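Novice: Following this message is one structure expressed as C-alpha cells.
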Amino acid sequence: MATHGGGPRPCHLLILLAAAALYSASSPAGAFYLPGVAPRDFQKDDELQVKVNKLSSIKTQLPYDYYFLDYCKPEAIKNSAENLGEVLRGDRIENSVYNFKMRRDESCKVVCRKQLSQEAAKNFKEKIDDEYRVNMILDNLPVVVPRQTREGSQTPSFEHGYRVGYKLKDDKYYINNHLSFKVLYHEDQTSPDARIVGFHVIPSSIKHEYGAWDDNNPTAQTCNANIKITPGSHTPQEVAPDAYVVFSYDVTFESSDIIWASRWDVYLLSSDSQIHWFSIVNSLMIVLFLSGMVAMIMMRTLYKDIANYNQLDNQDEAQEETGWKLVHGDVFRPPVHSGLLCVYVGTGVQFFGMTLVTMMFALLGFLSPANRGGLMTAMVLLWVFMGVLAGYTSSRLYKMFKGTEWKKITLKTAFMFPGIIFSVFFFLNALIWGEKSSGAVPFGTMFALFLLWFGISVPLVFVGSFLGFKQPAIEDPVKTNKIPRQIPEQAWYLQPAFAILAGGILPFGAVFIELFFILTSIWLNQFYYIFGFLFIVFVILIVTCAEITIVLCYFQLCSEDYHWWWRAYLTAGSSALYLFAYAIFYFFNKLEITKLVSGILYFGYMLIISYAFFVLTGTIGFYACFWFVRKIYASVKID
C-alpha cells in the first residue's frame, strides 16, 4: 500500500538500495561512502601526531600492543577512545614519539636509544620470525608500505603496516629502526589549509654511530641532513641482548592530486579486482539460471497437480490418487521437538534482521572503514535490539503448535544461541589472554557484553514473545487427522540424510566465491568494503535457499512423507557444513598458521561463523517451505 505525502514508498526504497548496490559494486574502489567522518584542515606548522595501533601477523592471528616490544615511549602513554568493535578486534590506539609539523620536512631525527634486555631481544626475534607488522595511524589513515610495481601495471599497490624486522641467511635478526615517512596532502586553492590524503613509510635498518650520548639531546653521526638512509644503504642494526638500538625517522611532505574523499582508495583497491568482478558475475549468472529453471519447472508441475486435484469429482477418485494431497491430514501435524524448532526459527529471524540492516547501513556508506570497529559495533548492537523479533517469531510459531509454556520457550530463545556462541568465545578469549595478546577482550568489555545481553536483549526477547503470544494463533488451511498416517518406504535419494546434504550445495555455491574474499579480509589483514557485491550475493542466497528447499519439500510430500518441518530447516542449513569444509580447505591452502593456539582460534571462530550461517539459511529455508506448504494446501478442494 502506497503512502501519501512526502515519505518514501517501499518500492522507492528498494530501487534506492538496488542502485546503491550496483554503484557500490561497479565503483573503482568497490565502495562509496556518505560523509561520516569530518575532514580536518591543517595549516603549515600545525602539529601532527602519529598514533600507534597494534602489531599484527597473518601467521599467528594474535595482535599485540605496540609497546609490547621495547620501542621508544612518550613521557605519558595515552589511550585514544575506543568503541566496542575496536576492543573486540584487538585495536589499541595510543600516542607515540613520532610528531611532525605540517608541510615541514625533517631530514633525519633521532628519537631515542634503547638497550635491549634479554627479554626484549627475545621478543623482537619472535615477532620477526612470525612476520609481525607495525600499524600506525595519522589523521585516521593507516600507514602503508609501497610495493614494487609489477611490469605493465599502472596501479601502485601497498602493504598495510611495516615489518618489525627481518632475518638473513646468517641466522641473525635485524630491526627496522629507521622510518622514512611520506605524508601526501591536498591543498585548498582558496585558503592556506591542506588535508592529509596519504601516509606512506619505508622502513630501514641502520646501525647508528654516535659519540657521547645525551638523552636530552640525542644525536648520531649517521643521522644528519646530508645522509640519505634507504634500505640496505648502511650496516644494519642487529637484534642481540645488551645491544644499543637508536631509533630515528625522517619525514617528507608531498602535494597530491588525490582529493580527501578518495584517500581510502589505495586501501580498498585490490590487485585482483577484475578476477573478483568476473568471478562474481559468472557465479551469479549460473545461480540465477539454475534458480529460474527450478522455479519454472516447479510452477508448471504444481499448477498441473492443483488443476488435476480440483477436477476430481468424488472422494473415491481422490483415494486412488497418489502424491502430496494424500497427506493433507498430517502435513500440519506438529513436529517432534517443536519447541526447539521455534527457538531456532526465532533466532534465525533475529540474525536475518541484524544481517539485513547491517548490510543496508554498510551499503549506503555509513560504516566507513575510517570508523574503525564500526561494523562490529553495529552488528553487536543490532543483534541485541533484534531480540524483540526473535521473541515474537518463536512465540507465534509455538502458539501455532498448540504450545502453552511460552515463557520456557522465551528463555531458550534468549539464552540458547547466544549462550553457545559466548561459551566458545570465552574459551577462545582465554587462549588469547594466555598468549598475552592485546586481542584478549578485557574484563570491562566482557561485563559490557553481559550487560547488553542480560539488560537489553533478554528483556526485548520477552517483550516480543509476550506480544507474539497475545496474537491469535495461525490457522492451518486444512484439518489434522487424529491418527498419524503411515509413511511408505522412501527411495534412497529421498532419504533425509541424502536430501538434506544435497540441498545445501546450491546455497553454498551462491556464496563461496564471495566467501573467499571475506576470509581473505578477516585472516589476511585486508580491508573488505565491496558491500555492493555482498548485497547482491545475499539476495541470491535468499532466493536459492528458498527455491531449493521448496523443490525438495515438494518431492518429499509427493512421496507421502509429511515430516517436512525440520527437513526444511536442515536442507538449507546444511550449506553451513560446506562453508566449514571450505574453511578447512582455505586453512591448509591459503594460510601459513603453524601455532596450535592460532589454529584453534581459526577453527573456533569459523565454527561460530558456520553455526550462525546455519541458523540464518535454515530459517530462510523453513519460512519458504512454510509459505509454500500453506499455499498449496489452501489452493485445493479438501472434502
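From the backbone N, Cα and C atoms, a Cβ is placed for every residue, glycine too.
Annotations per TrEMBL:
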| type | residues | note |
| --- | --- | --- |
| SIGNAL | 1-31 | signal peptide |
| TRANSMEM | 277-299 | transmembrane segment |
| TRANSMEM | 341-367 | transmembrane segment |
| TRANSMEM | 373-393 | transmembrane segment |
| TRANSMEM | 414-434 | transmembrane segment |
| TRANSMEM | 446-469 | transmembrane segment |
| TRANSMEM | 490-523 | transmembrane segment |
| TRANSMEM | 529-555 | transmembrane segment |
| TRANSMEM | 567-588 | transmembrane segment |
| TRANSMEM | 600-629 | transmembrane segment |
Novice: Quick check: do the transmembrane segment (446-469) and the transmembrane segment (341-367) share at least 3 Cβ pairs under 8 Å, counting only pairs 6+ apart in sequence?
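Specialist: No, since the transmembrane segment (446-469) and the transmembrane segment (341-367) share fewer than 3 Cβ pairs closer than 8 Å, they do not count as touching.
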Novice: Six or more residues beyond either end and a Cβ under 8 Å away: which residues meet both conditions relative to the transmembrane segment (414-434)?
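Specialist: For the transmembrane segment (414-434), the sequence-distant neighbours (Cβ-Cβ under 8 Å, at least 6 residues beyond its ends) are 62, 343-344, 347, 387, 390-391, 440-441, 446, 449, 453, 457-458, 461-462, 597, 600-601, 604-605, 607-608, 611-612, 615.
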Novice: Is the transmembrane segment (373-393) packed against any residues at least 6 beyond its ends, judged by a Cβ distance under 8 Å, and which are they?
Specialist: 82-89, 91, 345-347, 349-351, 353-354, 357-358, 361-362, 367, 410, 413-414, 449, 452-453, 456-458, 460-468
Novice: Which of 341-367, 490-523, 529-555 has the most Cβ pairs closer than 8 Å to the transmembrane segment (567-588)?
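Specialist: Checked against 341-367, 490-523, 529-555; highest Cβ contact count belongs to 490-523.
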Novice: State the non-local partners of the transmembrane segment (341-367) in its own chain: residues 6+ outside its ends, Cβ under 8 Å from one of its Cβ atoms.
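Specialist: Same-chain residues near the transmembrane segment (341-367) but 6 or more away: 17, 20-21, 24, 31-34, 36, 335, 374-375, 378-379, 382-383, 386-387, 389-395, 397-398, 401, 403, 409, 412-413, 416-417, 531-532, 534-535, 538, 565-566, 569, 612, 615-616, 618-620, 622-623.
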Novice: Determine which residues of the chain contact the transmembrane segment (490-523) at the Cβ level, with the cut-off under 8 Å and only residues 6 or more beyond its ends counted.
Specialist: 58, 61, 276, 279-280, 283-284, 286-287, 290, 530, 533-534, 537, 540-541, 544-545, 548-549, 552, 555-556, 559, 561, 567, 570-579, 582-583, 586, 590-591, 602, 617, 621
